Amino acid sequence: HPSAVVGGTERRERERRSAHNCVVLEPSRVRCVYYELWCVAANRTGCKSHPSRWTERMAGVWSSCPPSVSGAEMESLLHSGCKGEQSIFCDEYIPRKNGNCGTISIPRVMTEDEKQNLSMFIDPVTKFFEEVNDAARNDREEGMPAEIFEQLKEMGAFGLQVPTELGGVGLTNTQYARMVEIVGGYDLGIGIALGAHQSIGFKGILLYGTEEHKRKYLPRLSSGELVAAYCLTEPSSGSDASSIRTRAVKSEDGKHYILNGGKIWISNGGIAEIFTVFAQTPVTDPKTGETKDKISAFVVERGFGGVTSGPPEKKMGIKASNTAEVHFEDVKVPVENLLGEEGKGFYVAMNILNNGRFGMAGALSGTMKSLIRRTAEHVSTRVQFGNKLETYGVVQEKIAHMALRQYVTESIAYLLSGNMDRGSVEYQLEAAISKIYASESAWWVADECIQLHGGMGFMTECGLERVMRDLRIFRIFEGSNDILRLFISLTGLQYAGKQLREVEKSVKGMDFGVIMSEGLKRTRRLVGSSSAPSVAEHSHKDLSVQAEQLSQLVGDFGTTCEKLLLTHRKNIIHEQFLLQRLANAAIDIYGVAAVISRASKSLSEDVPTGGYERLLTATFCQQAFDRTNHTLQSITSSKEVKLDAAMSDIAKKVVEHGEVVPVHPLGL
């Protein structure tokens with residue numbers, strides 16, 4: 001049983017914390033933390049506060065609600081938090097070597113004890129998915145067989161991150177990412193069932209539950225005796241989570257909330273006994289006496305009565321997982337089952353999603369590994385036109401892109417989970433980017449894998465079409481990629497706008513130091529020199545070119561953000577063509593930083609694959625450098641602006657006509 005492997009948790013936790021506090025990172029080891037890349041402490045305006053909390057409140061807004069969210073809530077989200085840290089949105093970037101905020105370095109997050117314990121999990125779990133679980137059968141029968149469910153329970157798979165004292169396995173985020181990587185390589189349907197249970201289903205209890213909640217629910221949830229589900233989506237609220245209609249009103253005696261409403265597309269919805277439910281509650285402002293509906297979060301038991309589920313939904317993929325509607329009719333929820341504060345459920349919902357996203361990159365990294373393994377085997381044995389497929393340039397190009405996407409995704413996954421283990425609370429942007437990059441890369445790799453398998457790849461027997469069907473949902477759920485891109489851009493631009501306002505105030509107040517600083521920065525831009533500091537000295541010497549590319553990208557990115565804000569000001573929120581491009585540039589920059597971080601560590605430690613990782617890193621960085629330069633130039637290009645307007649007009653005409661607009665070429 002895995003829980004037996006993690007004995008001595010308290011001792012190892014002390015060792016791990018000690019290792020974190022004492023480690024001194026060499027200059028050649030660079031740490032990549034996306035939040036710290038964008039919002040580095042010690043800004044020029046003199047703010048000495050702790051890293052900003054505004055992203056904590058802003059995090060995940062557009063993972064569940066679009067920019068059309070109500071004005072009051074958006075205003076609160078956009079303007080909450082501390083002023084002034086440095087950011088690539090302002091072409092500011094100061095790497096350090098001491099492991100504090102502002103450093104780019106590989107985080108050391110596991111003691112040798114923890115690494116050894118993790119290694120003891122890998123072989124048994126891999127063997128289970130190779131020899132016992134049958135992903136094709138699960139897909140065909142559209143469910144998880146009872147014997148598989150029972151064996152997963154015995155393995156401790158339902159409480160991987162629950163503390164051992166509450167019956168769980170007690171894995172760190174990094175350890176968890178490694179375990180879901182294995183699951184993702186074999187059966188994404190099972191992965192979703194397990195993830196819906198613990199990554200989001202009861203995650204609210206771990207993050208916001210009282211000690212009583214944890215003692216009451218977590219032991220039985222960890223054992224698999226109870227299954228959990230996360231209930232947010234409704235027919236009228238997909239991405240716009242703030243528009244949910246489920247309501248919870250206090251009973252006259254004040255002992256219960258009476259819950260009514262319905263949720264759709266709920267993973268584990270038909271089999272769960274414990275639900276994290278979000279509902280509108282009337283909340284009275286103690287200062288004004290005004291009562292408004294605000295979202296609150298609750299732990300709801302099916303046993304409370306009034307909780308029913310619809311039949312399992314018929315889906316394109318992830319068929320091994322249960323998906324169903326859940327209905328609540330006059331459910332009496334004890335007031336003690338409120339999660340967090342009344343009226344703060346929106347933030348509970350978003351932070352649960354943010355916290356759970358990191359595992360997606362790990363899982364999909366595993367999926368890509370499996371697909372690449374299948375591809376390598378096929379092209380090395382398949383002969384066409386007298387030669388093996390592996391000898392053809394077109395095939396080599398596809399495989400190289402597969403390898404690059406997997407390497408970047410894996411680098412992102414473990415940098416993110418590692419920094420979460422180090423105590424970082426500002427990882428919302430990293431989580432959003434990891435979700436976007438991993439889901440889109442895995443889809444691309446699956447598509448090309450099928451392409452290289454030819455007609456065989458299209459056949460059910462081959463098993464690749466199942467993987468592709470399973471992958472399609474990852475670009476949609478837990479925050480659609482389109483909405484997350486807006487979140488990334490608008491979050492950063494909001495901060496950059498604050499910086500520009502500080503500069504404006506300094507000019508009006510004749511703050512000579514700030515005026516000179518800004519003047520010198522703009523002078524460097526005019527003569528073609530990047531105004532962003534170099535990071536070359538903080539990476540491995542063999543990656544100095546790539547580090548300089550990163551520095552230039554950071555500077556150019558900040559310049560572009562400034563131009564956008566000066567041109568569009570508050571109306572930038574409506575410029576979604578530009579915001580999407582800006583997010584794409586940010587994603588590439590993060591990818592560059594991630595692979596430089598990982599490859600620098602490998603080269604510094606003389607890892608056997610260090611030379612190959614350098615090749616991967618140099619190749620990806622050059623591609624990303626060229627791609628991002630083009631993207632940033634297109635954002636301020638008048639030609640591209642005209643093309644955007646044309647695209648908008650084309651789309652409006654299609655919607656207006658309700659179909660394609662041109663008459664048929666045959667006139668019939």
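Every residue gets a Cβ built from N, Cα and C, even glycine.
According to TrEMBL, the feature domain 'Acyl-CoA dehydrogenase/oxidase N-terminal' maps to 119-225.
Annotation comment: TrEMBL describes 229-331 as domain 'Acyl-CoA oxidase/dehydrogenase middle'.
Annotation source TrEMBL lists domain 'Acyl-CoA dehydrogenase/oxidase C-terminal' at 343-488.
Using DSSP to sort the residues of the domain 'ACAD9/ACADV-like C-terminal' (542-659) gives these counts of helix, strand and coil: 108 helix, 0 strand, 10 coil. Look at TrEMBL and you will find 542-659 tagged as domain 'ACAD9/ACADV-like C-terminal'.
For the domain 'Acyl-CoA dehydrogenase/oxidase N-terminal' (119-225), residue counts in helix, strand and coil come to 80 helix, 0 strand, 27 coil, using DSSP.
In terms of DSSP helix, strand and coil, the domain 'Acyl-CoA oxidase/dehydrogenase middle' (229-331) has 6 helix, 55 strand, 42 coil. DSSP places the residues of the domain 'Acyl-CoA dehydrogenase/oxidase C-terminal' (343-488) in helix, strand and coil in these numbers: 120 helix, 4 strand, 22 coil.
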